[in-house]
Amino acid sequence: MDLEVKGVAASPASQAQAISGREKPLQDGPPNHGELRILAYLCKSHFFTFELFNGVPRLDLGSLVDSDDEEQDVIPNNLPAPTDKYKLNYQQYKTEVKEGHKQYSQRNAEKTKPQITHQQTPRKKIDEKCVQGAEADADDLTTLDRKALLQQGYADNPPIAQRGTRRSDAEIVAAEKKKQTVTEQVMTDHLSRIKTRSTLTENMLSHKVQFDGRVVSRNGHDACRELVGFFFTHDQSLTIYEYRQFGKNRTNVLPFIQKNIYCHQRGRRKGKQYQLGDFYVGANLTFLSSDHPGLPGSIKENTLLTLRITNVDQIALHSLNCRTDSVEHDDITNQEANDRLVFKAIQDVLREQLHKRGVRIVTRLGKYLRQVDKEGNGLLNKADFKQALEVFDLEVSENDFESLWLILNDNDNDNGKVDYGEFKRAIIGEMNEYRKSFVRKAFMKLDFNKTGSVSMIDIKKCYCAKKHPQVISDLRCNQGTSFSRNGASHIMNIRHFTEEEIKSSFLETLKDACSKSEEVSYGEFEDYYEGLSIGIVDDEDFVHILRTPWGI
């Protein structure tokens, strides 16, 4: 009879004569699966149709699907049992596949994480819109301002916790080693000068407070000196040593200020003897340069030597405070508190004006004051400072300016002039000592010859922008792993930058702050980060901005 296939008409019997004359006829019984596939293909292709033997069931093309039974029949039943080696290899392969899938899932999660972070938890400490330079209300920002604000982007890429911990541990160990070395040298020097060495003498010298300090100077070599001082409570004397390190293993400790009883040389406490309450982080110690002939020549050029306390042994300080009388709150203390309120009121107003353009204004203000200082002694008169505020549109009321001037102009020997570095710190404020310590570390890494200035070529070589978040985003875009235009990058309107663009932006803004186009002094380097610091609330964000490009 004719073959009937669902959806295919039966052909006349005459068209199947060629097949019926085959040498090997079809076997009895239903055809196997392979033969049915061939028949279906031939029928569907309309090559021919033919009559089959009686007993062949109707062919249903819909039932021609692979079955598990067929696949199982392919596997022989007499296979040997797998060996232990095979089982071990299979387990290893299975584990590798699972681990690979896990890592792949983690990478995908990390790629999508920035989208969620930017949409759900925007940064409050740093204005990202300032970094992007795309705000609608940023008409007062210049191109240099936007380029300088790109440096704040490093804070968006937090450091690896483990690496940060290692660095912190290493820094702590180095600080403890320095402290021990200096202490041993101080005790050796002073005990050797005493003829009757006894336990009582050693106990007297042990009642001391150790502190770290730095020279307040525009000279980079002097500003980066590592100073360690001691205040002895038994006789109210103090001494300061300089710690020098040559290479990795060689160190030297030399007296910087000889042990003696000293008095304040500036401020409300001028002429007053130093006491335990004068030693705290941020306090200034002033000395007459003429009283210390052993000081370096660059320091002796100035009448006064000003040292800033950067760290204090709080445990020893607390212990000694408990043994001595509490600090008296006299009239001088109240006057100093009022002075700080005057400074803070002016600083709050100006820092609000400089929030987004701090780098440009602070650096150019310093550059302007250096140019006005024709004598080169760092002193300017009242009219010069008023003119500077007008040039840079820094609004300070007349009453606030007069109050500020009365506080700063307390030295009759300056003929009505004030150090412009001190004036700038008073009106704008300055970074805390924790931030400044990292600025000095970065500069000391660049100034390996300790000349106090660094060439632009060396800065270009050392500055690395590979880990800037926008550089990383640019690389992801080039590799095809960036977000879509409908993703977070499109929502926030972020422009990606190459490594070279970030570096060029930094060099351009830094060069604008320098008096010499191919050289950067420590003062100019510090002014740059002083201005950048104004717009950064968190200390660790600022530290990361320095750590990442400079590798410190």
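The backbone N, Cα and C atoms fix where each Cβ goes, and this holds for glycine too.
The compositional bias 'Low complexity' annotation in TrEMBL covers 9-18.
Per TrEMBL, the feature compositional bias 'Basic and acidic residues' maps to 104-113.
The feature domain 'EF-hand' is assigned by TrEMBL to 360-395 (among others). In the domain 'EF-hand' (360-395), the DSSP tally of helix, strand and coil residues is 23 helix, 2 strand, 11 coil.
According to DSSP, the domain 'EF-hand' (434-469) comprises 21 helix, 3 strand, 12 coil. Sequence annotations record features per position, and here TrEMBL assigns domain 'EF-hand' to 434-469 (among others).
Feature annotation from TrEMBL assigns region 'Disordered' to 1-31 (among others).
Under the heading region 'Disordered', TrEMBL lists 104-126 (among others).
Tertiary neighbourhood of the domain 'EF-hand' (434-469): same-chain residues 150, 153-154, 156-157, 214, 219-224, 310, 497, 499-500, 502-503, 506-507, 510-511, 517-522, 525-526, 529, 533, 539, 542-543, 546-552, selected by CB-CB distance under 8 Å and a gap of 6+ residues from either end.
Per-residue pLDDT, averaged across the domain 'EF-hand' (360-395), gives 90.
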